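Right, one structure below, let's go through it.
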DNA sequence: TGCTAAATGAAATATTGTTGCATTTGTGAT
DNA sequence: ATCACAAATGCAACAATATTTCATTTAGCA
Ligand SMILES: [Mn+2]
Ligand SMILES: [Mn+2]
Ligand SMILES: [Zn+2]
Ligand SMILES: [Zn+2]
C-alpha cells in the first residue's frame, strides 16, 4: 500500500502543508514511506541518533496534525505512526482501517484493503469513527521457524 | 453487563485464582465491578491514596494474567482495565467486543452486546483476536449540555 | 501458634511525554 | 544576494508512567 516516493515528492509534501523543508523532516518522511509497517518514536531514535528526541516528537505531532501520518497503539500501548493512505486532511483523518499487531515481531501493519462492515451501536452511543485491531502472526513471521 | 457482586464473591474469585485475599485486591475488585466503564491506574490511585502505586500496578497485572480483567487503551494510549465478562482464562482472554471511547468524558465502555461480523484478512495474516474501537459521544454526555 | 511463601510498601531507575527558552535556519521579500 | 523574521531545532528541565529490587509484613496453612 505504501507508495514509493522520492526526495522531491517529500519536499512537495512539506510545502503543500506549509512546513519548512528541513533535514530531520525529510529523513522521517523517507523512513516512514520506506516501511510497510508503522514506526514508533524509539524506532526513529535508534536510527537517527543525531536528531533530538524532542524534535522527533514534534515532527510526529505536526505530521499527524497535518494529516500526513496517523497514530496507532501497539500491544504495549506505545504509539506507532504510519503514513496516511489518502484523503486525510489537517485535523481530519480518514484512517478507518484494520491495524494488525504481530505478536511475534511486534510490528504494526495497516490493512487498507479490507471492507469494514457497518455496525449498529446500542441506543444512545453516537460513533464518529472506528478502528479495528487484530492480533496474530504476520506473513513474514509465519514463514520463519519458531524461535 | 457488569454484574453486581458482594465481598464474599470477590473472596471466592481470589481463592479460585489462587490469590491471597488482601484488602487492596478486594478494594480494586469492588471498585471495578461497581463501574460501567473501564478504570485506569490513575483512577484507582485517586481513590485509594493509602495503597501504594506499585501495589496497584501489580494487582492490575496479576488480575489481567488471571483473566479477571482485560486491558483497553483510551484515546491517549493510557491503559484502562475492565472486568472480563466471562469465559476468560489464565493467559487466555476472550474479550472480542467493541470498546467505545467517549471523546467528551474520556470514559471507555465495553460493549458486549454487539455482533462482530467475521472478517477475512489478506493472504498470510493469521489473526488470533480482534478488538474494535469506536470513538464518539456516550449516552450520558449526549444528554448533558455542551460545555 | 508458628512457618513460609506471597504480597505489600518504599526507594530507585528507566522510559516516555511535555514545556520553556535560547539559538539556528529556511523562506519570502527586498 | 542579502535581510528580516517566523519557524524549527537542540538542550535542559520537569511530569508521568512503567518496572525492578529488596526489606518488611501478612495470609493461609500445618
Ligand atoms: Mn493505519
Ligand atoms: Mn472490554
Ligand atoms: Zn511478525
Ligand atoms: Zn461521555
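For all residues, glycine too, the Cβ spot is worked out from N, Cα and C.
So that you can see what the record holds, here are the features copied from TrEMBL:
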| type | residues | note |
| --- | --- | --- |
| BINDING | A:93, A:95 | Fe cation binding site |
| BINDING | A:102, A:105, A:138, A:141 | Zn(2+) binding site |
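Distribution of TrEMBL features across the structure.
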residue : record                 : DSSP (3 states)
A:93    : Fe cation binding site : coil
A:102   : Zn(2+) binding site    : strand
A:138   : Zn(2+) binding site    : coil
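Counting every protein chain shown, 19 other Cβ atoms lie within 10 Å of the Cβ of residue A:95 (Fe cation binding site). For residue A:105 (Zn(2+) binding site), the number of other Cβ atoms no farther than 10 Å from its own Cβ, over all displayed protein chains, is 13. Between the C-alpha atoms of residue A:95 (Fe cation binding site) and residue A:102 (Zn(2+) binding site), the distance comes to 19 Å.
Listed binding-site residues: A:95, A:105, A:138, A:141. Those with a CB atom under 6 Å from ligand 3: A:105, A:138, A:141.
Each residue contributes its Cα atom, and for residue A:141 (Zn(2+) binding site) and residue A:93 (Fe cation binding site) these two points are 30 Å apart. Proximity to chain B, defined as a CB-CB distance below 8 A, holds for A:138 out of the binding-site residues A:93, A:138, A:141. The local packing around residue A:138 (Zn(2+) binding site), expressed as other Cβ atoms within 10 Å of its Cβ over all shown chains, amounts to 22. Here residue A:102 (Zn(2+) binding site) is positioned 24 angstrom away from residue A:93 (Fe cation binding site), judged by their C-alpha atoms. Long-range C-beta contacts of residue A:102 (Zn(2+) binding site), restricted to its own chain and to partners at least six residues apart, with a cutoff below 8 Å, comprise A:108, A:109, A:136, A:137, A:138, A:141. Highlighted here are the binding-site residues (A:93, A:95, A:105, A:138) whose C-beta falls below 6 Å from ligand 1: A:95, in sequence order. Every protein chain shown contributes to the tally, and the Cβ of residue A:141 (Zn(2+) binding site) ends up with 17 other Cβ atoms within 10 Å.
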